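> Here you go, one structure.
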Amino acid sequence: MISKQNKLIITVCGIYFFFWFFGGFHESLLSHKIEGSSFHFTIFWVFWLSFCNCLFGFAGYLIERKVSIQERHVLPQNNIEIKELLNINSQQIPKLKFIPVAAINLFSHLCGYHAFQLTQYPTQILVKSCKPVAVLVLGIIIFKRRYSKYRIMCILGMTLGICVFRLSAISLNLSEDSSFGFLLISFALIADGIFGPFLDHLKRAYASTTQFWSMTWLNFWICIFSVLISLLFGNFFHYLFFFFSHPTAFLKLVICGVCQSSGQLFLYYGLHHFESLIISIITTTRKFFTIFYSIFFFKHKISFAQLIGIFLVFASLITDITYAKKRDKEQMKNNAKKKNYQSIKNNQKSGIKVLNFNYRSKNLPVFKYLVKRV
């Protein structure tokens with residue numbers, strides 16, 4: 001039996017190890033020349049990562065289904081019970097409903113990965129970390145939601161950090177990022193801001209949906225769309241010819257796919273065993289260290305003011321994550337109190353008398369209410 005502390009160590013090591021390797025090979029593949037040629041096949045890159053995620057997700061789904069079947073101690077007695085036992089995915093999100101979500105996510109990937117050719121890797125990681133900014137803006141404009149002043153201050157802190165990072169680079173002529181690259185990253189953020197609430201809505205409607213089911217079918221439709229786009233523009237076989245003539249690029253592509261999908265599995269493993277707050281902090285700090293790894297390993301030029309901007313973004317992001325988790329806990333407590341109050345009120349209406357009773361002792365539990373039928 002693995003202790004909870006060891007599970008946390010496994011989660012942190014798995015996420016950091018695989019995503020660090022993915023980040024290093026990712027930047028060397030997309031941002032640097034390989035054997036005298038540049039890799040600029042964004043659609044094939046999206047297809048390959050989605051294909052690996054689909055395979056790993058499907059493998060995880062099969063293992064998860066096998067475990068859930070073994071946990072049922074009652075053996076099926078006839079063909080009907082066997083069919084019901086194996087039909088675990090009957091209450092999951094239908095496969096076709098992943099199509100619009102996959103289209104939005106594909107657009108985000110295409111914008112984000114194409115921006116690598118126009119911006120530095122640390123810049124993109126930093127800007128993409130500000131996903132809560134897009135969620136807040138779209139939530140106010142489209143979904144008409146209200147946010148607390150505390151969270152708005154955190155979002156303003158992220159925005160200020162991005163402005164400091166960008167403007168200091170321009171003023172000191174350190175920037176190798178184009179304005180069109182920033183525009184593409186902004187489009188990717190907007191797509192992410194729509195993608196998240198859309199997928200959450202589907203998960204609420206189909207509460208039995210597992211992470212591996214979503215991972216499998218979301219990436220499956222992204223693969224289908226990517227292949228169709230490649231065939232439409234006649235570039236699919238050109239991609240294959242490039243990798244056959246550049247074996248080093250093909251090796252890096254395979255390593256990126258395996259590391260990214262393995263990191264996703266450790267991420268889902270952590271979400272299964274720990275609170276989302278812990279996993280959010282792990283992934284956020286991972287992005288933070290990835291930026292500095294990229295700066296020192298690939299020798300990007302950066303100023304002290306840009307470092308302040310980076311610290312400001314991630315400090316605001318971690319504060320926002322912590323506050324959101326605290327707010328969710330308080331909301332759950334308030335909902336529980338309202339539900340308890342409503343049940344007591346209904347009991348009083350139906351002829352049940354509720355008496356306040358406050359008995360406190362060191363050895364006996366505390367009873368708040370003693371209910372007696374009149």
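Backbone N, Cα and C define each Cβ position, glycine as well.
In case it helps, TrEMBL gives these features for our protein:
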- 7-23: transmembrane segment (TRANSMEM)
- 43-63: transmembrane segment (TRANSMEM)
- 155-174: transmembrane segment (TRANSMEM)
- 180-199: transmembrane segment (TRANSMEM)
- 220-244: transmembrane segment (TRANSMEM)
- 250-270: transmembrane segment (TRANSMEM)
- 277-298: transmembrane segment (TRANSMEM)
- 304-323: transmembrane segment (TRANSMEM)
> The transmembrane segment (277-298): which same-chain residues, six or more beyond its ends, come within Cβ distance under 8 Å?
8, 11-12, 15-16, 19-20, 23-24, 27-28, 31-32, 120-122, 125-126, 129, 267, 270-271, 310, 314, 317-318, 321-322, 325
> When you scan the chain for residues with a C-beta under 8 Å from the transmembrane segment (220-244), skipping those not six or more beyond its ends, what do you find?
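Same-chain residues near the transmembrane segment (220-244) but 6 or more away: 37, 39, 41, 43-44, 46-47, 50-51, 54, 95, 98-99, 102-103, 105-106, 109, 250, 253.
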> Below 8 angstroms Cβ to Cβ, which residues of this chain, lying six or more residues outside the transmembrane segment (180-199), approach it?
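For the transmembrane segment (180-199), the nonlocal Cβ contacts are 100-101, 104-105, 107-109, 111-112, 114-115, 117-119, 123-124, 127-128, 130-131, 133-135, 137-139, 142-143, 166, 214, 218.
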> For the transmembrane segment (7-23), which stretch among 43-63, 250-270, 304-323 has the most Cβ pairs under 8 A?
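Out of the listed stretches, 250-270 contacts the transmembrane segment (7-23) most.
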> Sort out the residues at least 6 away from either end of the transmembrane segment (304-323), same chain, that have Cβ-Cβ distances under 8 Å to it, and list them.
122, 126, 129-130, 132, 150-151, 154-158, 160-166, 168-169, 172, 174, 277, 280-281, 284-285, 287-288, 291
